Amino acid sequence: MADSITPNAISTIIKNPSPDSSSETPQIVVQVVDLKPVGNRFTFNASDGKMKLKATLPSNMSSEINLGNLQNLGLIRILDYTLNVLPKTQEKCLIVTKCEVVTAALKIEVGNDVEEETGIVLKPKHEIGIILKPKQEVVVKSANEILHEQNGNAAPAARMAMTRRVNPLVSLNPYQGNWTIKVRVTNKGTLRSYKNARGEGHVFNVELTDEDGTQIQATMFKEAAEKFYNKFEMGKVYYISRGVLKVANKQFKTVQNDYEMTLNENSEVEEVKGEVTSIPEAKFNFVPIDQLGPYVNGRELVDVIGVVQSVSQSLSIRRKSNNDTIPKRDITIADESKKTVVVSLWNDLATGVGQELLDIADSSPVVAIKSLKVGDFQGVSLSALSRSIVLVNPDLPESKKLSSWYNSEGRGASMDSVGSGAISASPKNGLRSMYSDRVCLTHITSNPSLGENKPEYFSVKACVSYIKPDQAMWYRACKQCNKKVTEVIGSGYWCEACQKNDEECSLRYIMVMKVSDPTGETWFSVFNEQAEKIIGCTADELDKMKQDGNGSSYQLKLKEATWATHLFRVTVKQNEYMNEKRQRIAVGTQSSIDFAAESRFLLEEISKL
């Protein structure tokens, strides 16, 4: 019996948009028209000769297309599908979740002159009708025959899976009814307590990934959180159904998906056992180190990969919120951009994988880290969160490429910190530098509300006009962690962070200075690294000058630092003092004037006038 395009196939699909199971799906043969790749999938127009419908092929058909087994104008038999309606345009889109190739390609597209009752019959070459391309011999079997053979040969667990209708994550939307997804837990948050106007309870979230690499975040509250927290385990695969989808809140989403999922106490979660699965363990979206600038102090988390340059010893840091002591460890990594960045690991990451990195640091391991917060310490810095994942020497193409680069040329290359210096801002590097967000001082001082709700960041070109000689310009610091120490009579200095005494301490700058530009003047708070560059010596050296003789060398050193012009990257915040809010401007990065770069910047600004 010859296979034919199913008459009124598109109408049949529209009338039955979401069959309950594969056994209820009607046998539908359509022609593939306008086949083209989009990401890791292929889209096409499903045609029955009278009507067309936008459609997406399942990801496993990509190999058939690459091998030439399915081409444009070919025929497929649809075994399972979902019909979605796009919320904005109300346009229908067919998501094919399972299909088989009937014919690789026809010579022509089936037109509108087809009789509705009979369809198009594919006839041999010597008969009148549409001629098939002699690409290959096609053994045609019905969908029921193929399913019967697969079910018969499969293991019991696999046969059970075949009867379950699984939807790809890309096909889900808030307007869809019943669905079941098969996903791996690629990230699991901690169980947190909350209390608000609507009540109190527990909450946690997980990141889920399907076999196409599509991700979605699922959140559970109250009873659902307590029910599923122990059930979800990192790396395991689950069937999930009866969840609720909504448009993702951009402030809190951690994956690239327009929707987020909420599971309640009636949702169903079943671990997948005894089945072979191709769902990836983790999915990274790496950001090059020299492209971290736009993410500074933003809500969006980043993934990075780099070669470990150094690993610090573990430090004990005391939290201000609850006075608890937690371990911290800093690692410095570099990538092919020849930029370095410091990553702070906390708690178990500091004592676990952090210690592992310290032990093998001499071998320059590659580390991939997922979900990092980007801060402005030393210009740009990274900090791990409870949901962060750290992989050492991962089996990833990016890891092998980075390791090869480092062994061939990176090891001997000169590396600079991504947050240091006046880096020219451009669309290529994306950095927020001394030449981005440039403002005059009056832009800051004339707007007292700046930084009231959140910190604001600007670049300023100004000169140092005055440094108070009688201010407390430094503090006594621990030589290991740089935290403040207290003098203990007869036993040196006590560091609360390290919980130990030391016979010696170091001095670190923490001072204020007045700066001026053509529009006005104001006070900047300056810390150790930037102050050393401005004054030209360390705090210990300046203290020695102050103690020697009548302090004339001390006064001269401060005088030499004034009326020098610098580029500053500053943070504007609101601090409360004596029940009064005051604007505080702190220097994050400082650099001397690069006259060539400054001239280019000024010419570009003039061209905009």
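Cβ atoms are placed via backbone N, Cα and C, with glycine included.
Automatic, uncurated: that is what TrEMBL annotation is.
Residues annotated as domain 'Replication factor-A protein 1 N-terminal' in TrEMBL: 5-103.
What TrEMBL lists as domain 'Replication protein A 70 kDa DNA-binding subunit B/D first OB fold' is 167-271. The DSSP breakdown of the domain 'Replication protein A 70 kDa DNA-binding subunit B/D first OB fold' (167-271) into helical (H, G, I), extended (E, B) and coil residues amounts to 10 helix, 50 strand, 45 coil.
For the domain 'Replication protein A OB' (298-393), the mean pLDDT of the prediction comes to 86. The domain 'Replication protein A OB' annotation in TrEMBL covers 298-393.
With DSSP classes pooled into helix, strand and coil, the tally for the domain 'Replication factor A C-terminal' (457-602) is 35 helix, 71 strand, 40 coil. The domain 'Replication factor A C-terminal' annotation in TrEMBL covers 457-602.
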Contact ranking winner - 5-103, 298-393, 457-602 against the domain 'Replication protein A 70 kDa DNA-binding subunit B/D first OB fold' (167-271), Cβ under 8 Å: 5-103
DSSP-assigned states of the domain 'Replication factor-A protein 1 N-terminal' (5-103) in counts, ordered helix, strand, coil: 18 helix, 46 strand, 35 coil
